[in-house]
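Engineer: Copying in the features that Swiss-Prot gives for the protein in this structure:
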- A19, S20, G21, K22, S23, S24: ATP binding site (BINDING)
- 11-199: domain 'DPCK' (DOMAIN)
Amino acid sequence: MTFGDWPPQRRIGLTGGIASGKSSVAALLEKRGCPVLDADVYAREALATDTSASKAVVARYGKRVQKDGTSDIDRAELAAIVFNDPNERSWLEQLVHPIVQRRFDDALRSLPDAPIVILMIPLLFEAGLEKWCSEIWVVRCTALQQRERLMARNNCTEAEATQRIAAQWPIDIKVQRADSVINNSGRIDDLHDQLDALL
């Protein structure tokens, strides 16, 4: 589907650095009546037990990426592999991204009358999906906040958090490519004000 095929609709690509607060922003937008399509949800579904993608992951990495006694993918173990090796990360992205894109396509086709749809895509720029969006919003916070939030959320070390942040494009590059930038380093009231202005 090309942008010219779409109905008149604001398709807002919501992206930003890992642990910058994209989900918090998306939740506020959803409360304002905007449907939110989440790439992370689609990626998790793509790697659900016994899907073709999960079988390909097990075939490549073996039982070490399976939770003990189950066929489920151990996402923490898989993350440890791909964040330590750019080649493996690229392989996984090439496996999962086409599946995620098909899910987005199907979901967008089901929402022709929605005036605004939010496409929450952490790797929007990295995956070259700008063409899917009529505008792009980048969520950012301070580097210290990002690292501390990631460590708390993922229960990881500072070194692991730094590694995961470095695996994505630098936030300054994303900001340069954004139509709008949302500063999520302050109070929740400030966040509400920014969203009200953008909508």
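Just so you know, glycine gets a Cβ as well, placed from its N, Cα and C.
Distances, neighbours, how buried they are, the whole picture for these features please.
Structural biologist: Annotation note: S23 (ATP binding site) sits in a helical segment as assigned by DSSP. Around S23 (ATP binding site), a 10 Å sphere centred on its CB holds 17 further CB atoms from the protein chains shown.
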Engineer: Cβ atoms within 10 Å, counted per site: which of S20, S24 has the most, among these binding-site residues?
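Structural biologist: Output for this query is S20.
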Engineer: Neighbours of the ATP site A19, S20, G21, K22, S23, S24: Cβ within 8 Å of the Cβ centroid, same chain, sequence order.
Structural biologist: G16, V25, V139, C141, R149, N184
